[in-house]
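> Got a structure for you, questions after.
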Amino acid sequence: MALMTVRDIDVKGKRVFVRVDFNVPLEDGRITDDTRIRAAVPTIRYLVEEGAVAVLASHLGRPKGQRNEKYSLAPCARRLSELLGREVVFAPDCIGEEVERLVAEQPPGSVVLLENVRFYAEEEKNDPEFAAKLARLGEIFVNDAFGTAHRAHASTRGVADHMPVRVAGFLMQKEVDIMGKALSDPDRPFVAIIGGAKVSDKIMVIENLLTKVDRLIIGGGMANTFLRARGFATGKSLVEEDRVDTARELLAKGGDKILLPTDLVVASEFKADAEQKVVPVDAIPEGWMALDIGPETARAFADVIRGAHTVVWNGPMGVFEMEPFARGTFAVAQAMADCEGVTIVGGGDSVAAVEAAGLADRMTHVSTGGGASLEFLEGKELPGVACLAVKP
C-alpha cells in the first residue's frame, strides 16, 4: 500500500494539521528521551520550507481527560524549537477561538504546537464535535504518528472526516512501507522473533506470521507456555495455564517452522542476585523459574537470524532489565546487527533492548510504534492509516 505523502500535494500558504507523536518520557518537566520528537522533524521541516503553517497535535501521557500541567507539551515545544533552529509557537490549548486566532495570525513557514489533546476526554472517545473543532485549525490533514495509528481517536481518525486532503508524513510512510513490504513481499528467508511475557498478547501475531514466515522463533516468558504444551515441566516459571491448549494448536499448525528454546537460564527467585544456572528444557528444577534463554538456544537462534534476508523482532528473550538475564536478548540483538538482510525491530521492549545493547543504529528500521506495530503484525487495519489517501 503506497500512501500519498506531503510531497504529493501543494502545501504552500496552507494551514496543515499534523498529528505527531510527542509522547516522550519526562522527569520533573525534563525530556529524558527525545527520539519521537526527532522522528517528526523531517515532515515538519519540509512543511516549513514549502511555506505551510504546520499546526502540530499530540498527546502526552494519560491525563485522563483533564488539564494537568504535569502532562503539558510545553517542554516538547522548547525541544522542537532547538531541533528546528526556529521559533515554535506554543498554543495554550488545542481547540477554541483563542487558538484559532493564534493559528490564523501565523505567516507561512510557521510552526504551532497545540497543547495536549488528551486534556479533553473527547479525544479518546473520538467525539465528532471535538474532532470538528480540531479541524478548524487546518485545511490539510497529515498523520505522522504511527505510534497512535491503531487508535481511532479524534486527532488520529475523527479529524480526517473534516478534511478533504488526508496524507501521510514521512515517518508514517516509512513505517507502513517497511513493515508492509516485510509482511506482503519479504526477501526470503523471512524470520520472525516473538518474545515477551504473555502468549495471550501475541496469539494473533503468531497466527498471522505463521502464514508468512519461513521460521518463527519463540522466546521470553511466553516460551514457557509453549514448553508446557510440549509436555515439559516448567517449575515456577510464568505459564498461562489457560493458553496451553492454544499454544499446542499453534505448535501443530506451525510444525517445523517454529523454533523453541532447548536450554534456559533458571533462577531460584525473581531477582538479579538469585541463585541461577543453565539447564536443558527438560530439566527445570521444581520451584525454579526460567528467566532467559540459555547459551545453546542463543547460538541456534543467532545462526537462523544471521542467515535470514528479512527479520522482524517483537519482544525480548528474557528479563533483560536484570543484567544476569539479558544475555539471550542481547545475543538476538547482536545477530540482527550482524544480519545482512532487512532487520526490523517493532514493539516497546525490543526497542528498549536494542538501545540498551547499543545496536539500534545497526538495524534497518526501529519502529516508533509499540501497540501499532503489534496490530500491524497481526494483519489488522489501523484506523490512523486507513483514512489516508493511497497513490493511484
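Using N, Cα and C of the backbone, Cβ positions are placed for all residues, glycine too.
The shown structure was predicted, so the numbers you read here are calculated from the model rather than taken from an experiment.
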> Can you pick which of R86, R118, R188 Swiss-Prot lists for the same substrate site as D21, F22, N23, R36, H59, L60, G61, R62, R151?
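It is R118, as the record lists it for that site.
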> Expressed to the nearest Å, what is the distance separating G347 (ATP binding site) and N23 (substrate binding site) at their Cα atoms?
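G347 (ATP binding site) and N23 (substrate binding site) have their Cα atoms 15 Å apart.
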> For the binding-site residues listed here, D21, E321, D349, which shows the highest count of neighbouring CB atoms within 10 A?
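That would be D21, with the highest Cβ count within 10 Å.
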> For H59 (substrate binding site) and D349 (ATP binding site), what Cα-Cα distance in Å is obtained after rounding to a whole number?
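If we compare the Cα positions of H59 (substrate binding site) and D349 (ATP binding site), the gap is 21 Å.
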> For the binding-site residues H59, K202, work out the Cβ neighbour count at 10 Å and name the residue with the minimum.
K202
> Using Cα coordinates, what distance in whole Å links N23 (substrate binding site) and D349 (ATP binding site)?
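N23 (substrate binding site) to D349 (ATP binding site), Cα-Cα distance: 16 Å.
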> C-alpha of D349 (ATP binding site) to C-alpha of G61 (substrate binding site): distance in Å?
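Answer for this pair: 18 Å between alpha carbons.
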> Taking the Cβ of G61 (substrate binding site) as reference, which residues of that chain separated by at least 6 in sequence fall under 8 Å from it?
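Set apart from G61 (substrate binding site) by at least 6 residues yet with Cβ under 8 Å, we have N23, L26, K70, Y71, N116, R118.
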